[in-house]
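Undergrad: Quick paste from Swiss-Prot:
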- GLU215, TYR216, LYS261, GLN263: Ca(2+) binding site (BINDING)
- TYR216, HIS264: substrate binding site (BINDING)
- HIS275, CYS314, CYS317, HIS318: heme c 5 binding site (BINDING)
- 1-26: signal peptide (SIGNAL)
Amino acid sequence: MARKTLRARRFFSLIFPFFFITSVYAEQTPVSAKTVTVEAKNETFAPQHPDQYQSWKATSEQSAREDALAEDPRLVILWAGYPFSRDYNKPRGHAYAVTDVRETLRTGAPKTAEDGPLPMACWSCKSPDVALLIQQEGEDGYFHGKWARGGPEIVNDLGCADCHNTASDDFAQGKPALTLSRPYAERAMEAISKPFDKAGRFDQQSMVCGQCHVEYYFDGKNKAVKFPWDEGMKVENMEQYYDAIAFSDWTNSLSKTPMLKAQHPEYETWSAGIHGKNNVTCIDCHMPKVQNAEGKLYTDHKIGNPFDNFAQTCANCHTQDKASLQKVVAERKQAIHDLKIKVEDQLVHAHFEAKAAWDAGATDAEMKPILNDIRHAQWRWDLAIASHGIHMHAPEEGLRMLGSAMDKAADARTKLARLLATKGITHEIPLPDISTKEKAQKAIGLNMQQINAEKQDFLKTVVPQWEDQARKNSLLSQ
């Protein structure tokens, strides 16, 4: 009976995907002659779908920022030389998607449309304006250039047109009209034999979230988004894919290891867990059917913790009470956290030991197998921890990946000890004080005072120009 109820609730689901002083920003050119069907302003759909819109808007209540680097300064060392060592906050409400990508230190402080450290692709999961630009310019046109180029055009937060074909008759009639608004996501699903247009309703519900909640990388000269699923979705499959094309996101500034940075692989880890294997979708747990004041059922678009809507989520399938299930989840979360910290400790030592080996005169040939072990260890660790909900989605897979990461890190440190001995170094390599985020950032040479000052200037001068330009072009409501 519970399963029938769940299926009935699923049928009506409407879903969204569950992750800057001068006048140099010229007037944007008018929309091209291509057919454009994406409406990016979410408030356009409020009269037609008031309950869904108001619940989506309520994601602004999820406003707390949690500083992951302050909580765990080891991360600064693991990401030395990469923008994540500057700033990494845990996710919050979809209503902050554009704000957060503007404000993070990772995107730098560009002064012109051609300035800054990151490519246009960094907007890809932040706004329905991305789908609009892809329709107007094509994928090659959208991905071309620096992140700052998109500032005056990508201004609306994640919303309706990211997940729904809002121009369709079905949507006008109140049906979900789910769609993959990113062509690269559609190609990725085809690579794992899941073409969207042939998928069932439940599969589509999770695939729409999987447009953004996935591992991806920036491919080619244009730095276009691609999912590394050609060999499969398991951590070893993606590792094999990246190794075959000799891809790295960056080189760790301490160990000189060509590194991989996992993003937010919820779709992959969910697929590996008990819920994914039984096709209990993202929607079932994070966007349940609820009743409005008149008793009408609608899909709650305030995406959040299933325990906040226990009766409408977990209780549809589970007979245990809320406290019992919370205890199980908390135990799994703690087990993953404990192993995560142990792996990080080994990796921190490995990066500093590798630096010591280089400083002692180690050759590329001597270091190659060691760096490969560090690369693989940190990749497996990162894929396990970058999905913040893995303790719920796939705890067994999380522990398996972390165990494998521990083995690889141990292999690297064993080889490093032997190599260092040949260089006359037999003592333990000391670590600097990395007990706080600030001390760890100082240890890798970051000038955080300058970085923060540049960012604040950018936010005060460039971002207001972006928003003014967007209003002039009717991309934002006045």
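Each Cβ is built from the backbone N, Cα and C atoms, and glycine gets one as well.
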Undergrad: Round to the nearest Å and give the CA-to-CA distance linking CYS314 (heme c 5 binding site) with GLU215 (Ca(2+) binding site).
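TA: About 27 Å separate the Cα atoms of these two residues.
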Undergrad: Give the number of CB atoms, excluding that of CYS317 (heme c 5 binding site) itself, located within 10 Å of its CB.
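TA: For CYS317 (heme c 5 binding site), the count of other Cβ atoms within 10 Å is 15.
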Undergrad: Here are some binding-site residues: LYS261, HIS318. Which one has the most Cβ atoms within 10 Å of its Cβ?
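TA: Most Cβ neighbours within 10 Å: LYS261.
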Undergrad: Roughly how many Å lie between the Cα atoms of LYS261 (Ca(2+) binding site) and HIS318 (heme c 5 binding site), rounded to a whole value?
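TA: About 36 Å separate the Cα atoms of these two residues.
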Undergrad: Around the C-beta of HIS275 (heme c 5 binding site), how many further C-beta atoms are within 10 angstroms, looking at every protein chain?
TA: 19
Undergrad: List every residue in the same chain as GLU215 (Ca(2+) binding site), at least 6 positions away in sequence, whose Cβ is under 8 Å from its Cβ.
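TA: Counting only residues 6 or more apart in sequence, the Cβ neighbours of GLU215 (Ca(2+) binding site) under 8 Å are PHE227, PRO228, MET238, ALA262, GLN263, HIS264, PRO265, GLU268, LEU383, ALA386.
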Undergrad: List the Cα distance (Å, whole number) between HIS318 (heme c 5 binding site) and TYR216 (Ca(2+) binding site).
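TA: Cα to Cα, HIS318 (heme c 5 binding site) and TYR216 (Ca(2+) binding site) are separated by 33 Å.
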Undergrad: Could you list the residues of the same chain, at least six apart in sequence, whose Cβ is under 8 A from the Cβ of TYR216 (Ca(2+) binding site)?
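TA: Once residues fewer than 6 apart are set aside, TYR216 (Ca(2+) binding site) is near VAL225, LYS226, PHE227, PRO228, GLN263.
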Undergrad: Specify the count of other C-beta atoms within 10 Å of the C-beta of HIS264 (substrate binding site).
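TA: Here the count is 20.
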Undergrad: Hey, for the Ca(2+) site built from GLU215, TYR216, LYS261, GLN263, who else sits with CB inside 8 A of the CB center?
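TA: Same chain, not in GLU215, TYR216, LYS261, GLN263, Cβ within 8 Å: VAL214, TYR217, ALA262, HIS264, PRO265, ALA386.
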Undergrad: Consider each pair of residues in HIS275, CYS314, CYS317, HIS318, all listed by the record as binding heme c 5, and report the largest Cα separation in Å as a whole number.
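TA: Overall maximum Cα spacing for these binding residues reaches 12 Å.
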Undergrad: Test of understanding: give the count of other CB atoms lying within 10 angstroms of the CB of CYS314 (heme c 5 binding site).
TA: 20
Undergrad: Using the centroid of the Cβ atoms of HIS275, CYS314, CYS317, HIS318 as reference, list every other same-chain residue with Cβ within 8 Å of it (recorded heme c 5 site), in sequence order.
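TA: The surrounding set, listed in chain order, is VAL280, ASP284, CYS285, THR313, ALA315, ASN316, LEU325.
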Undergrad: Sort GLN263 (Ca(2+) binding site) into helix, strand or coil using the DSSP assignment.
TA: coil
Undergrad: Using DSSP with the three-state reduction, classify CYS314 (heme c 5 binding site) as helix, strand or coil.
TA: helix
Undergrad: Going by DSSP, is HIS275 (heme c 5 binding site) sitting in a helix, a strand, or coil?
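TA: Helix, per DSSP.
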